[in-house]
Amino acid sequence: PAMVEIEKGTSLLRKMEISVAEAEKRTGKNTVNMQEIYTVYLIETRPVDALTEGITPDSLWRRYSEFELLRNYLLVTYPFVVVAPLPEKRAEIVWHKLSADNMDPDFVERRRVGLENFLHRVASHPVLCNDNIFYIFLTEVRNHLIFNLSVFFIQADSRLKAVNAAFRVKNPDGRFTELKHYSDELQTVLSQLLRVRARVADRLYGVYKVHGNYGRVFSEWSAIEKEMGDGLQSAGHHMDAYAASVDDILEEEEHYADQLKEYLFYTDALRAVCRKHELTQFELEMVALDLACKKQQKEELVTGTVRTFSLKGMTSKLFGQETAEQREAKLQVLEQQLKEGEEAVKEKNTESE
């Protein structure tokens, strides 16, 4: 289907309902022809109401790795956007009761909710919701789409690696420096909070287990006691009720922990934007410096004076000046390089803005 046009200032969610309805475990062969077990997620889309044109109810299955490809595509295509994070691939900062296995049903369910949140956030973004690849990802089962995204990501990988490379900007933008410090501080605080919460949850889980065990012991004990039977049974019920209430608290807290983790992953998304701006700023400074050098070279050629010590200056002193034809040829090359340099500076300025 053709991409549905979205009015400026609105979002795709105004026209389309998007849900990740269920998860399913499957077995298949991977890229090296080996059997593997993986999870797929059912994306369902439908028009918000009967009056919405161009959208038909649809459903398709996508793997987590396909969501990763989509997000990487958005990161490279829209460097100025804070792209919503994906839920974690494997459970991190977990406490005893939670499994770190990415096939664990509870973990898969929490990831399903996280993937739905991701799609909602992208679909409600005024820029991202208009992306054609995102629309195809939601509505069409196209193997070549995933292949093209894989190829795109391989090509863009050098750009993403460049973002992680070490470089120093001479004139950093204060707004981005402040934003980077904020995201670093937020990440530190949230990581500590989640780790403390995991330790507290472990202790509470210990309380849950102890009271659950006492509840069972008292219930069994009441069966063989005549005088104390009713009291023991009542105590057993109280222990069971207390254990159940602790379990409910832990379950409820897990939802809060998932939301905190989403904030934690957002700090990475914020830092990525800051880093991409730094890289653009660095490239701008490099092309501006190169342009200044070329302008100086042109001035030296025209006036015949060398401002700075160079091998070229020493050579001309030892072996004589260049001919007028040689100077003219060099000037023409420099003129072309200056033109290209000015275009590069203009392009980098636009990108930086």
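Even glycines carry a Cβ here, placed using N, Cα and C.
Keep in mind the model is a prediction, meaning the values are calculated, not measured.
What TrEMBL records for 324-351 is coiled coil. Long-range contacts of the coiled coil (324-351) within its own chain (CB-CB distance under 8 A, at least 6 residues past either end) are made by residues 280, 283-284, 287-288, 290-291, 294-295, 297-298, 301-302.
Summarising the annotation, TrEMBL assigns domain 'PX' to 19-144.
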The domain 'PX' (19-144) - residue tally per DSSP class, helix then strand then coil:
46 helix, 30 strand, 50 coil
